C-alpha cells in the first residue's frame, strides 16, 4: 500500500515530478508526484 499526503513545502503549480520529489524529500518522504490539478503529493510505502 502507498501512503499519500500533500507536500507542505511545494508551492505553485506542479509540472515536474522531480521538483515535487525534492520538496517531499525535505519532509522525509521518499517519493513525490504531480497530480491532476497541478498539486504535489508525497508518497511512501505504508
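Backbone N, Cα and C define each Cβ position, glycine as well.
According to Swiss-Prot, the feature disulfide bond maps to 3-46 (among others). The Cβ of residue 46 (disulfide bond) has 7 neighbouring Cβ atoms from other residues within 10 Å, across all protein chains displayed.
Residues or ranges marked as disulfide bond by Swiss-Prot: 14-34 (among others). Over all protein chains present, the Cβ of residue 34 (disulfide bond) has 19 other Cβ atoms lying within 10 Å.
Close to residue 40 (disulfide bond) in the fold, though at least 6 residues off in sequence, lie 6, 7, 10, 14, 19, 20, 23, 24, 32, 33, 34, each with a CB less than 8 Å from its CB. Feature annotation from Swiss-Prot assigns disulfide bond to 20-40 (among others).
Taking Cβ-Cβ distances under 8 Å and a sequence gap of 6 or more within the same chain, the neighbours of residue 42 (disulfide bond) are 4, 5, 6, 7, 20, 23, 24, 27, 29, 31, 32. What Swiss-Prot records for 24-42 (among others) is disulfide bond, and it gives similarity to another entry as the kind of evidence.
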Original post:
Who sits close to residue 3 (disulfide bond): which same-chain residues at least 6 apart have their Cβ under 8 Å from its Cβ?
Top reply: 43, 44, 45, 46
**OP:** Can you see whether DSSP assigns residue 3 (disulfide bond) to helix, strand or coil?
**Re:** strand
**OP:** Would you count the other C-beta atoms found within 10 angstroms of the C-beta of residue 24 (disulfide bond) for me?
**Re:** 25
